[in-house]
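**Student:** Attaching a single structure in structure tokens format; questions to follow.
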Amino acid sequence: MSQRCTEVTPQCPVEATTYGYRPVLSGNIVFIVVFGLCTIAQTYLGLRHKLRAFTFAVSLGCLGETIGYGGRVMMNDNPWSGTGFKIQIVCIILAPSFLAAGFYLTLKHLILYIGPEHSRLKPKLYTWIFICADALSIITQAVGGGIASAETRELVDVGNGIIIAGIVIQVVTQFICICLGVDFALRVKRRGGDGIKTWSAGFKFYVFSSCFAFLTIFIRCVYRIPEMSGGWGNELMRKETEFLILDGMMIAIACILLTVAHPGIFFPNISSRRSKAMEKQQQQNDQESSNDSDGKEQSV
């Protein structure tokens, strides 16, 4: 029926659409406003503090959400809108990956600042590993979204499966990141985390806000797996309240926190010049440690 219907009629009721409902106008407009304001704020703050990579990733994520919920507003006007459906499914699925990428880009700088000796990985590896995994997730979901936009049921199902694979990659990557983060925090605490007491209130706010933002992104991605796994039009996909809370609200919280607790304001050490200085110092420390170890071995 969905292939023949282009608008709501007695023969093409709202209940027969993929979602089975007319997206609520008020809630989706609220999200458009929130994400739109975050996009503007992120762009302004990024240019002001010269954080190109972080700004590009997070602004693109916020913009994607803005456009995606615009697609849902189009579906409020016409639940059978193929254009609105494609816009929202592609943008809302992909956007959180860019927000996660923004978080990954700050990890190296946080590790260098707090204490790389507490980390199981070298600081620079965080960027390479997690950004590459996130890029793989984005590409996989984009391919799946493109295929799912096809007109045939077979291709739609294939696209859905590819999207799920991309989300699973995303969830696994985020879970590993969380585990490494928890391990890092515990090691800092066990090895005399007195340094935390010297953190400024602003830096603490930044760290905790960033971590909570990442957690909300993770919750959203976990929700998306069963929501997509049941196939298009499954029972969970037809529950708008769950979607607005577990997807829309979670990502809105993440965007707000990543904007309000902007690293350019509360973590100026993330600037490329300061970060490179810290990284250079860490390399010198590693070299000195290596030389000391070699000297001890030779003396033995």
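Cβ from N, Cα, C; glycine included.
These came from TrEMBL, pasted as-is:
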| type | residues | note |
| --- | --- | --- |
| COMPBIAS | 281-292 | compositional bias 'Low complexity' |
| REGION | 276-300 | region 'Disordered' |
| TRANSMEM | 29-47 | transmembrane segment |
| TRANSMEM | 54-75 | transmembrane segment |
| TRANSMEM | 87-107 | transmembrane segment |
| TRANSMEM | 128-150 | transmembrane segment |
| TRANSMEM | 162-184 | transmembrane segment |
| TRANSMEM | 205-225 | transmembrane segment |
| TRANSMEM | 245-267 | transmembrane segment |
**Student:** Does the chain bring the transmembrane segment (54-75) near the transmembrane segment (29-47), so that three or more CB pairs sit under 8 Å (pairs 6 or more apart in sequence)?
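**Tutor:** Yes, the stretches contact each other.
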**Student:** Counting CB pairs under 8 Å, which listed stretch among 128-150, 162-184, 245-267 touches the transmembrane segment (29-47) the most?
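**Tutor:** The stretch with the most contacts is 245-267.
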**Student:** Quick one: find which recorded stretch in 128-150, 162-184, 205-225 has the most Cβ pairs under 8 Å with the transmembrane segment (245-267).
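**Tutor:** Against the transmembrane segment (245-267), the leading stretch is 205-225.
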